[in-house]
Amino acid sequence: MFKLPRYYSPMAQVVLVGFVCFLCPAMFNALNGMGGGGQVDRTTGNNANTALYCTFVVFGILGGAIVNLCGVRWTIFGSGLTYALYSGSYIHLNHTGNGAFTIAAGGLLGVGAGILWAAQGMIMVSYPREEEKAHYIAVFWIVFNLGGVVGGILPFAINYHSDTDSLSDGVYVAFVILECLGAALGLALAPPAKVTRDDGSSVVLVKYTNAGKEAVEILKLFMNPMMLALLPMCFASNFFYSYQYGPVNASIFNIRTRGFNNIFYWGAQMASAYALSFLLDNPRMTRRTRGLVAVAIVAVFFNAIWGGTLKLQQKYTHGPLPSGEPTDYPGGLIDFLDSKRAAGPIVLYTLYGVGDALYQNLAYWIIGSLTNDNQKLSRYAGFYKGIQSLGATVAWQLDAKNVSYMNQLIGNWVLLGISLFPMLYMAATLKDHSDDDVGETKSQYLAEGDDDTVKQV
């Protein structure tokens with residue numbers, strides 16, 4: 001019989017933060033997945049994403065320190081509201097054609113997203129026991145990407161009979177409402193000091209911290225050999241989004257089919273994350289072996305889908321243009337009901353979702369295998385998201401500057417290949433147990449009232 005997890009259990013907290021991300025980042029992903037935020041002209045959307053990821057770079061890296069100092073609940077609440085502001089800015093764009101507010105909202109969203117993802121990463125990879133980390137990552141990924149599925153259904157259903165190539169106000173209003181609910185849900189998270197595993201051990205592995213200590217520890221990240229080795233992985237991990245969303249989804253599919261595609265894109269992420277967890281938590285294999293096998297799977301799979309993309313990309317050079325010129329994809333924009341033309345490209349786009357989940361779940365698992373200290377992991381997660389955003393900043397500007405689709409594809413493929421070598425090295429050096437497995441009993445720590453921070457006694 002199914003039994004709900006205890007509220008103060010690690011699983012309940014991971015599921016809760018998963019639903020926060022279901023309602024906030026997943027809705028943003030669904031909107032972004034439409035290409036240009038669902039607009040005909042992707043320029044404003046691309047520039048907003050550039051502004052977003054520029055600030056995300058800074059606040060992703062600083063996010064771990066901010067979470068360590070301020071706790072998880074209020075930082076996630078404030079961060080969630082920036083997602084709602086961004087989605088709402090497109091209503092203004094629809095009515096005025098002025099993208100300045102949307103670009104500014106994108107910059108503010110980068111601040112919120114950097115902090116939110118640092119908090120999320122700390123909860124997801126530090127709360128579970130070592131042998132459960134891949135399972136917890138998969139649970140989060142499933143809940144999170146269920147939001148992407150819902151976010152795909154909304155524009156698909158609302159724009160089903162629309163003959164325009166931009167999303168209606170109703171879609172954006174729905175996103176704003178859901179994202180406000182997600183921000184409020186962040187306040188339902190338990191303070192880390194009160195979260196205990198089923199064996200009675202505390203998840204809290206941190207001592208009292210301050211701004212000076214956090215500043216020093218952030219600087220140390222850039223001298224940490226493990227973090228430096230993972231730089232290519234971090235940089236490449238979201239680089240492909242701009243290409244998949246713009247030159248593919250927004251360039252060869254009509255508006256309702258873009259939403260239809262995203263249902264399968266994010267749904268495939270849920271299934272593949274769950275499947276990968278069985279490998280990464282397999283007790284019959286060493287952690288090193290699991291890591292090496294997973295890197296090999298990612299390498300083969302990504303090279304296969306980029307090979308398929310190369311074949312597709314050779315058929316066209318651009319999507320619909322603001323001047324009114326249609327896509328030069330043979331036969332024009334694809335509708336999902338035209339099964340003969342749609343089947344292959346939709347399957348390929350779905351496989352992009354599989355590849356994304358495999359890559360990012362493996363990345364989080366590697367990071368979570370480096371330590372069990374949740375203070376360190378909040379900084380590591382922030383570093384990962386910050387450098388990831390640096391790559392995304394470059395990628396979104398490539399599309400904004402009208403770099404040819406073929407060159408964008410080649411850039412993605414090359415970056416992926418480069419990132420696999422340090423990932424392989426890090427997997428080969430993993431130990432079965434992290435060196436700093438400390439804080440096994442809750443009695444070592446005392447919560448300071450209802451604050452999210454803790455103090456060692």
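Along the chain as shown, the residues are counted starting at 1.
Backbone N, Cα and C define each Cβ position, glycine as well.
Where the annotation comes from TrEMBL, it is an automatic prediction and has not been curated.
The range from 99-125, 342-368 that TrEMBL describes as transmembrane segment is residues 99-125. In this chain, the transmembrane segment (263-280) lies apart from the transmembrane segment (410-428): fewer than three C-beta pairs between them fall below 8 angstroms, excluding pairs fewer than 6 positions apart. Between the transmembrane segment (137-158) and the transmembrane segment (12-30), the number of CB pairs under 8 angstroms, six or more residues apart, is three or more, so the stretches are in contact. 292-310 is the stretch from 12-30, 99-125, 170-190, 292-310 with the greatest number of Cβ pairs below 8 Å to the transmembrane segment (410-428). Long-range neighbours of the transmembrane segment (50-67) within the same chain, counting only residues 6 or more positions beyond its ends whose Cβ lies under 8 Å from a Cβ of the stretch, are 75, 86, 103-104, 106-119, 122, 211, 214-215, 217-218, 221, 378-390, 392-393, 396-397, 400.
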